[in-house]
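Chemist: Before we start, here is the structure in question, set down as structure tokens.
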Amino acid sequence: MQYSLLSAQLRCSRFLLRQQAPFINRCYSDDIRNIGILAHIDAGKTTTTERMLYYAGKTRSLGEVHRGNTVTDYLTQERERGITICSSAVTFAWNGKRINLLDTPGHIDFTMEVEQSLYAVDGVIVVLDGTAGVEAQTVTVWTQADNHRLPRLVFVNKMDRSDAIFDKCIDDLKAKLDAKPICTQLPAKNVDGQLGIYDVITLEQLTWQQNDFGRTYSINKLESSSEIRELREKRNELIDQLSGVDDELAEVVISTESFDKVSNELIVQALRRATCQQKVVPVLLGSAYKNIGIQRVMDAVNAYLPTPNERNQIYNCFGGELKRGMRVLSSRGQAEVISKIYEPLADEYREVSSVRAGDVAICAGLKSTVTGDLLTTSHTSLKNAQKRLIQSLDATSPQYDEDEVDVNQELFSIEPKIPDAVYFCSIEPPSLSTQTAMEQALKQLQREDPSLRVNYDTVTGQTVLGGMGELHMEIIKSRLLSEYKIDVDLGPLQIAYKEAIETPAITTLSVEKDIAGSKQNVNITLQLTNNQTELFSLDKSPENVQNLNALRPRVLQVLRKGAIGALERGPRVGGQVVDTQIRLHNVTVGRGTADSFVMAAAAQCVQKLLSKSGTRLLEPIMAMQIVAPNERVSGIIADLSRRRALIKDVMPKGDRNKLILVNAPLAELSGYSSALRTISSGTASMTMQPCGFSEMNAADETLAVRRAQGLD
């Protein structure tokens, strides 16, 4: 039990210290690469990571996902299912550089793991399945990397397979991701039929030896004149593409008046600059399972991805050295002590005495610090940083007033955006004696995985879990048993509906109460309107503007917090109320009235408005991609039609398969994976992810309400 709690704490306490000169040793930081590896499920992320560890000398044997002996997939559930659930950190050396790598999940249910990991990296490798190209989750993780402004390179995996099409992957990168791929390699078939690789920059052919698990490979000059001519044309295209985005290379091309006179070193330097500036994406290829091309991917990480010094910063850089036993202060105002510092290798930890800025480490002893918090050594340091940042913002805005109680959290925390839950279910301990242990375990799991929602339903007295999907819930239940020895019972899954108001409404609420001899008094006028952009606004009409301008920022903040908080639970099925704007018209707060009383009054006023306006249900819609043999498509489409699905497109997928693009209500997809296997006799595969919410017709809404109330 103690080990499980420690392990969970270690996994959720990863952090990255960053700094620029003159505060750190720049030479040390220049030798570091902090990278993440992202992909759609089953594209080969973990296999690629295992090969990197093996060739770097970190492991003595090749880990295989299907054998359940990989380093980075160490949870029991990961090895049983052959999928990555938790991000894993590993560190290894390659050609004089220290690479800190985070292997992330590919399944949509664990997208929060990806989001948290991206705060701790400076660049990413995106792995594509050479037989499938850009897939649904590829688009999702690419967008996440865009949001974090992360430079990236692409590794096209599984190129040894006969149905792999490199050109299609390049076309997908352009069409589906709006990327500018630079092909530094091209596929080559050797005489024996095995995959080889052409290096476009050096005009060489690379061949991997299979008798030593791909540890060595040969580099051969091209002999065929046709091969040389074709590859030189590709090299010229590469230089032409790069010179269009890199002025230094363009000047060299103009001065030499020849692509052939541009050296390999200049190309690599230009490609590095363009990659770090996110103007282009280098593309490499290989086969992780067949041990082909991985060393060159590691070379590309060193050559093209940025150091911590070159990483785009959100605010001014902060730095220093973290030492064992050091006392730190988080931006939440919590004083903490770093008890131990570790260098990670998945679930194995090597204790170190300190860690310098720019590196990645695992930290034990931080009880309240979470991903995204700023750590300083004193209140003075925090205040100085706060003042410098406020000066660079609009200091006149109430949101950034220095006296606000949450200014540290709002300005200095870079907490990831937590996706909305799509499923809910009740959770019960096996006995009352294990209730406290279950609650503590859920707190640990929630700290590690913020997409897990844990709420207490005051009406039913039950603890309610919210998650990203059926698999997410299954994994939570399994981990509670395997790591915390608590065999919980989960209730039936409930759909996470949302609600929207039927008609606009306005009301005034007056609340007066005597609490412990202190008179509390609030008079507030609020209005609810349909609005998809602005959640809270002030009425600037002449009759109200003077009243609202006289409000202290602190009062406005607690009013806003209370009003918005009331939208979290609608009157129909307790769903979040969306597409709704709260407009504050007028408010009067009596002298000495507590903030909590003002907040409660605002929430009560919004609840009154929701009852007055009425709400309608919005149901979650899933975007699905189904790959099935041609002869099975008609049966699959017929079944989807019965599930209220919208067939968006059916297109060829190779010679024998079709790709079906579908939008379907989540409520109709319970157990669909099993149904699809039955309809297709196990020959079809499917992926799905949330794509928004849609209004329901009256009959479906009535049925949903009855189900939510346990009447059906």
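The backbone N, Cα and C atoms fix where each Cβ goes, glycine too.
Pulled these features from Swiss-Prot for this protein:
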TRANSIT   1-28  transit peptide
DOMAIN    30-309  domain 'tr-type G'
BINDING   39-46, 103-107, 157-160  GTP binding site
Chemist: Using a 10 Å cut-off, grab the number of neighbouring Cβ atoms around the Cβ of Met159 (GTP binding site), all chains included.
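Modeler: So the Cβ neighbour count for Met159 (GTP binding site) comes to 26.
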Chemist: According to DSSP, does Met159 (GTP binding site) sit in a helix, a strand, or coil?
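Modeler: Where Met159 (GTP binding site) sits, the three-state DSSP reduction gives coil.
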Chemist: Give, as a single whole number between 0 and 100, the mean pLDDT over the domain 'tr-type G' (30-309).
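Modeler: Mean pLDDT across the domain 'tr-type G' (30-309) comes out at 89.
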Chemist: Let me spell it out: for each of the binding-site residues (Lys45, His107), count the other Cβ atoms within 10 Å of that residue's Cβ, using every protein chain shown. Which one has the most?
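Modeler: The residue with the most neighbouring Cβ atoms within 10 Å is Lys45.
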Chemist: Please report the three-state DSSP label of Lys45 (GTP binding site).
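Modeler: The three-state answer is helix.
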Chemist: Tell me which residues of the chain lie with their Cβ under 8 angstroms from that of Thr104 (GTP binding site), as long as they are six or more apart in sequence?
Modeler: Gly36, Ile37, Leu38, Lys45, Thr84, Ser87, Glu113, Val114, Ser117, Val141
Chemist: Within the chain of Asp42 (GTP binding site), which residues six or more apart in sequence place their C-beta under 8 angstroms from its C-beta?
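Modeler: Long-range Cβ contacts: Gly106, Asp129.
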